[in-house]
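Note sheet for the following structure.
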Amino acid sequence: MTEQVTRATFDEVMAPNYAPAAMIPVRGEGSRIWDQEGKEYIDFAGGIAVTALGHSHPTLVKTMRDQADKLWHLSNVLTNEPALRLAKKLTEKTFADRVFLANSGGEANEAAFKLARRYAFDHFGPEKNEIISFYQSFHGRTLFTVSVGGQPKYTEGFAPVPGGIKHCEYNNIESLKEIISDKTCAVVMEPIQGEGGIIPADPEFAKQVRALCDEHKALLVFDEVQSGVGRTGTLYAYEQTGVTPDILTTAKSLGNGFPVAAMLATEEVAKSLAVGTHGSTYGGNPMAAAIAEAVIDIVDTPEVLEGVKKRHQLFVDELNAINEKYHAFKEIRGMGMLMGAEVADEFAGHAKDFLTHAADEGLFVLVAGPNVVRFAPSLIIPEADIKQGFERFERAVAKTVAALRK
Ligand SMILES: Cc1ncc(COP(=O)(O)O)c(C=O)c1O
């Protein structure tokens, strides 16, 4: 018999590292979700930029069922057809020649950072080991990835942390110039900072980062865990920066909620990930790979990618219309289906209040730090759901503003 569980059960048995909302969703379809009480929500959060094709997408459900009937797991002692097909697809559609499959964004980044160190070690010796990343960046929660990430709150209390990591200012090339050197093995950047507040890289900045990497024989790593798989309107955001990285990591939307990630690299760089240097029991699992392959097939079509750009405009128009009435936000920014509304100065630190009121109204949104309300919905969210979602968001904004202005 299935045991009855409630939100209170979370506080009894789960590690206390999350503070989930009071309701428990039990079912989703497209961009709608229902909780235990039957209350319906419109999903502008997409599981934090994950459910790119919405909930229970029929093709993905069928793909998963078909694969479940065939083969679940082998380990990397053997390879499998879905993993090979997925890797082939990713190399055909990107700059990359080689793929390492993993299970989460953090794990893909861990592989990328290890590969960058190993490549430098192989070609230039052990002294070239410094990794540079940017303040406010986010690359995962393993000890190495939180250390590379540019948010000190995530390493607090976890020392000693890995060394050989430096940080500088995003979108400020002078700041990078001050610390990059021939000891740098890699510069790591998100083409659009997600957790850091939805901040797109200035294309000129990205080009100069590439040039500095070349000058110092450092690899350029793009963390596209959040921005990848069509979210910005191209399969990967790097295509819009005019800059090609040496290594790219992708996760989140890649499995539409099924855990899967990949690290992509050029032939030359990937050589350093020789037999025995790295691995993962589940990485390249046939279930995950089959689903990711189906996701890529659906997303990488003009229909979906053009649709992302069209929907972006709809979101921006709706947000601007609401903002004209309530003056709640000082900037609306982002790319494709990854957008942020930075709260006006009078509401600084209160982005979460908008999220809470939105949930009360039957709408899931996200925050990105204390000042930015974030939207990362399905890439194929129906127009009617966008319209209705913004009716709910307007009520939430009205309530939040009224409460905070009291
Ligand atoms: C840019 C970026 N990199 C890495 C990660 C970590 O991914 P995961 O939580 O799957 O380990 C995230 C998650 O938010 C992310 O946004």
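Each residue, glycine too, has its Cβ placed from N, Cα and C.
Database features (TrEMBL):
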- Phe138, Asp223, Glu224, Val225, Gln226, Thr281: pyridoxal 5'-phosphate binding site (BINDING)
- Arg141, Ser280: N(2)-acetyl-L-ornithine binding site (BINDING)
- Lys252: N6-(pyridoxal phosphate)lysine (MOD_RES)
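Here the features listed in TrEMBL are placed on the structure.
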residue: Phe138; record: pyridoxal 5'-phosphate binding site; DSSP class: coil
residue: Asp223; record: pyridoxal 5'-phosphate binding site; DSSP class: strand
residue: Lys252; record: N6-(pyridoxal phosphate)lysine; DSSP class: helix
residue: Ser280; record: N(2)-acetyl-L-ornithine binding site; DSSP class: coil
Taking each of Arg141, Lys252, Ser280 in turn, which of these recorded positions have a Cα lying within 10 angstroms of the Cα of Gln226 (pyridoxal 5'-phosphate binding site)?
-> Lys252
For the pyridoxal 5'-phosphate site as recorded (Phe138, Asp223, Glu224, Val225, Gln226, Thr281), determine the largest distance between any two Cα atoms, in Å, rounded to the nearest integer.
-> 25
If you count the other Cβ atoms within 10 Å of each Cβ, which of the recorded positions Arg141, Lys252 comes out on top?
-> Lys252
Near ligand 1, which of the binding-site residues Glu224, Ser280, Thr281 have CB less than 6 Å from any of its atoms?
-> none
Residues with Cβ closer than 8 Å to the Cβ of Thr281 (pyridoxal 5'-phosphate binding site), same chain and 6+ apart in sequence?
-> Ser75, Asn76
Among the binding-site residues listed here, Gln226, Ser280, whose Cβ has the fewest other Cβ atoms inside 10 Å?
-> Ser280
Looking at the binding-site residues Phe138, Arg141, Asp223, Val225, Ser280, whose Cα is closest in space to that of the residue listed as 'N6-(pyridoxal phosphate)lysine'?
-> Val225
Write down the Cα-Cα distance for Val225 (pyridoxal 5'-phosphate binding site) and Ser280 (N(2)-acetyl-L-ornithine binding site), rounded and given in Å.
-> 18
Quick note, Asp223 (pyridoxal 5'-phosphate binding site) and Arg141 (N(2)-acetyl-L-ornithine binding site): C-alpha atoms separated, nearest Å, by 14
Check each residue in the chain of Val225 (pyridoxal 5'-phosphate binding site) that is at least six apart in sequence and keep those whose C-beta is under 8 Å from its C-beta; list them in sequence order.
-> Gly105, Ala108, Asn109, His139, Gly140, Glu190, Gly194, Thr249, Thr250, Ala251, Lys252, Ala261
